[in-house]
Amino acid sequence: MAWTYILIAGVIEVVWVFTMKLSEGFTQMVPSLITIVLIVVSFFLISKAMRFISVGTAYAVFTGIGTVGAVLIEFITEPQLISVLKVFFILFLITGIIGLKVTEKEDPEASEVNH
């Protein structure tokens, strides 16, 4: 369940990054409020995941998902920003995220009931 929390938190992070851009420096009320709510929700979910997964791994995967998601959306909306080096480094980042997940051991004693 911890990895599900991280995945959802990472996807929400991608959304709040773009709503933050729409807020124009928090000068637009609706995008600003949406951004704040989404930040709180994503941080809540990542904090739940950190009960079962090490802080370093959880945070690295969370921010990695956010980074990859934001760059992919930017590639879709502004294709002129694509370069071979950007694609290479995004693939490198994805490899690192997968590596962290594969090597992380969840606490077998931990459960939702215990926390």
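Heads up, the Cβ atoms here are built off N, Cα and C, so glycines get one too.
Straight from TrEMBL, the features:
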TRANSMEM  5-23  transmembrane segment
TRANSMEM  29-46  transmembrane segment
TRANSMEM  58-76  transmembrane segment
TRANSMEM  82-100  transmembrane segment
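Residues of the same chain lying 6 or more positions beyond the ends of the transmembrane segment (5-23) and with a Cβ under 8 Å from any Cβ of it are 31-32, 34-35, 38-39, 41-43, 45-46, 48-49, 53, 58, 61-66, 69-70, 73. Within its own chain, the transmembrane segment (82-100) is flanked in space by residues 57, 60-61, 64-65, 67-68, 71-72, 75, which lie at least six positions past its ends and keep a Cβ under 8 Å from the stretch. Packing against the transmembrane segment (58-76) from elsewhere in the chain are residues 2, 6-7, 9-11, 13-14, 17-18, 42, 46, 49-50, 82, 86, 90, 93-94, 96-97, 100-101: each is 6 or more residues past its ends and has a CB under 8 Å from a CB in it.
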